[in-house]
Amino acid sequence: MNEGSTAHYTPAQRYTALAYGLVSHALFLASVVVMFWSLYNGLHMSLVHLHGGTAVLMDVLLVVQFAVGHTLLLSDRGRKFMTRLAPLGLGAALSTTVFAALASLQLLVTFLLWSSSETVWWMPSGGLKLLLSGLYALSWILLAKSMSDAGLDTQIGSLGWRAVWRGERPNYKPFTRTGMFRHSRQPIYASFTLILWSAPVWTPDHLVIASLWTLYCVLAPVLKEKRYLRWYGAAFARYQRRVPYWFPGPVRSIKSTTLKPTDYDVAIVGAGPVGLLLAGLLGQRGLRVLVVDKRTEPLIHSQAIGITPPSLEILSKLGLEEEFVQQGVKIRDCQVFGHEQKLGCASFRDIPGAHRYILSLPQQKTLATLESKVASLPTVTLLRGMEITRLEQDAEMVSLGGEKILFTARWVIGCDGHKSRVRDLIQMRTRGGQYGCHFLMGDFEDHTSLGHEAHLWFTREGAVEAFPLPDGRRRWIVQTPQPVIGSDHGLISELVRQRAGLDLAVHDQLNQSPFSPRWLQAEQYHDGRVILCGDAAHLMSPIGGQGMNTGWADAEFLAEVLIAIEQRDQPALPLLEAYDRCRRCASTVATQRAARGMWLGTRTGVVSSWLRDTFMRECLFKGPLAKHIGPYFAMLTIPYNTIKSVPEKVFALR
Ligand SMILES: Cc1cc2nc3c(=O)[nH]c(=O)nc-3n(C[C@H](O)[C@H](O)[C@H](O)COP(=O)(O)OP(=O)(O)OC[C@H]3O[C@@H](n4cnc5c(N)ncnc54)[C@H](O)[C@@H]3O)c2cc1C
């Protein structure tokens, strides 16, 4: 996946791409309008007036040129040919744009050069016309929806030129499995056929075009699927087995019980915080669990520190709540400053529940505590120093390993972080992007008088955040105008002095790491017997401290799902779909909140800063919104933040 990977293009290349884009979109729009109108009227109006045999021959040629031309362009040779149709070395990058332009041109030619027979067999009127027109409009809506599910950027050709314009490599995504593609592998062709047959005016011309193009719509995807099998291999073959070819139908279910013996019930790839928690929850209920991690040692530098009250509730299921609380620092208040003034205080003292604070604990300690719990569970095996690069699944089990297949399990869970190899191995599409914000983070021995409070400074020059850590330390995060590459210690101290007026001695700095937040969502959190969890399924900005907490809520949910399938023989597919639906909803809300919070905090300059200060001081920290701030930042208002908040009707878990 090369989401957002940069590439250098000259101004000439960028403007050429823009011109190609404009022409392609103009042709696309024109072809849609002309086709909509022509089909609706049964092609009985035309610009060209040939007669007799010549007209018939010409019309058949027009229909055939579209079908054959379209098929040829999509073949390997056709693709190679299209790369020659853009100058300045842009052939490959602009191939989707060129394809959309050529396909639109073919449609335009078909309808504009059509010689009508000028015979109308049947033209409805009154209520019937209204009904058929409605059906026709609905077919177009279905076509638009299926194109959008497939990826509108590829379908209308904007992927190529926009990537060049933005200085990125085009990101070609694997095949889609969601939306209308859940019920039919070819919804675009199916909707197009529906358009052909729902147009209300019947003429000989309409019958010819509808019949020949229906034939094309049924046969052409066979070639397309052959290509997909070549590109996406087993992942596409599995999709073919599950989802009907053309007519929408029910998805074939995953077998819940398996006959083949496997080494493990569940194999978890990744011993990060999410993988370890999941292993603990499953191992505690007696499932045979394997956890593999490519690292020989757990992570040494800390990422996540903030643990929210719902997460402490989840940890209590492993009996770890007290151990975590003992080790961490309780943050009960977060003081917020703007330009030379205090804006307010986000307090957790009055939030509902037993834990009226955010617990601060470095990720290494979190991992160590979880790992020792996992080690105490007899049915869980943790293997370090092993990278999973191979997965093969059939209806009953998954085999996994590196160069060789080493283990088998009924289920494999990708908890392998945002660059998930497991996700790539199942060819799962992702959506994502960057925010264009940059930060530098460092932990310091703390000699300030900030105590156990968190402090945020939103200044005209950029943000500074400070969070207490155990053992007399404090984490500092500073916003930087550019990504920091290889900077010596000292920059954090300098920016904190400028923006917050506090002196941090450089020799008190323990570590430093830059980060530039991104977001990502996997299109589907499961494929057959492989399931994604934590950052492998969704990535959000670390600002706001929600990534690990969201991953833990995924793990709690997924543990219940797997136990229901394995120990109570509940059908797998509805449970996995509930997991996907609920956890996607939760992670989307968390991702949006993180993005909004980061956006607000990172506005710089006099005007933006004044607007932010006024908004926060007058609206957020005063009036009716004020009482919601604590629960909001403690993630109490994220949907499905623990399994208890999943309504029973969502799926019969308990
Ligand atoms: C600077 C920063 C601060 C953050 N602060 C917070 C916070 O305060 N609160 C919060 O909730 N979240 C925070 N987050 C987010 C949090 O760190 C992540 O959401 C969390 O680590 C995700 O956990 P995970 O287990 O899904 O993935 P990871 O932590 O990325 O773990 C993945 C594991 O998989 C292993 N792995 C990867 N590929 C393979 C393979 N092919 N085979 C075997 N093993 C593999 C890796 O070695 C790794 O151990 C922060 C993130 C950053 C960057």
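Positions of Cβ are set from backbone N, Cα and C atoms, glycine also.
Where the annotation comes from TrEMBL, it is an automatic prediction and has not been curated.
According to TrEMBL, the feature transmembrane segment maps to 17-40 (among others).
Summarising the annotation, TrEMBL assigns transmembrane segment to 52-73 (among others).
Among the features that TrEMBL reports, transmembrane segment is placed at 85-114 (among others).
If you look up TrEMBL, you'll see 120-143 (among others) marked as transmembrane segment. Away from its own ends, the transmembrane segment (120-143) comes close to residues 36, 39-40, 42, 44, 180, 187-188, 191-192, 194-195, 198-204 of its chain (Cβ-Cβ under 8 Å, at least six residues beyond either end).
Positions annotated as transmembrane segment by TrEMBL: 186-202 (among others).
Under the heading domain 'FAD-binding', TrEMBL lists 263-593.
Most Cβ pairs under 8 A with the transmembrane segment (186-202) among the ranges 17-40, 52-73, 85-114 are made by 17-40. For the transmembrane segment (85-114), the residues of the chain that approach it from at least six positions outside its boundaries are 10, 12-13, 16-17, 20-21, 23-24, 27-28, 30-31, 34-35, 38, 43, 46-48, 58-59, 62-63, 65-66, 69-70, 73-74, 79, 153-161, 163-164, 169-170, 205, judged by C-beta separation under 8 angstroms.
Residues 9, 86, 90, 93-94, 97-98, 100-101, 103-105, 107-108, 111-112, 114, 133, 136, 140, 156-158, 160-162, 164-165, 195-196, 199-201, 206, 209 of the same chain lie 6 or more positions beyond the ends of the transmembrane segment (17-40) yet place their CB under 8 Å from a CB of it.
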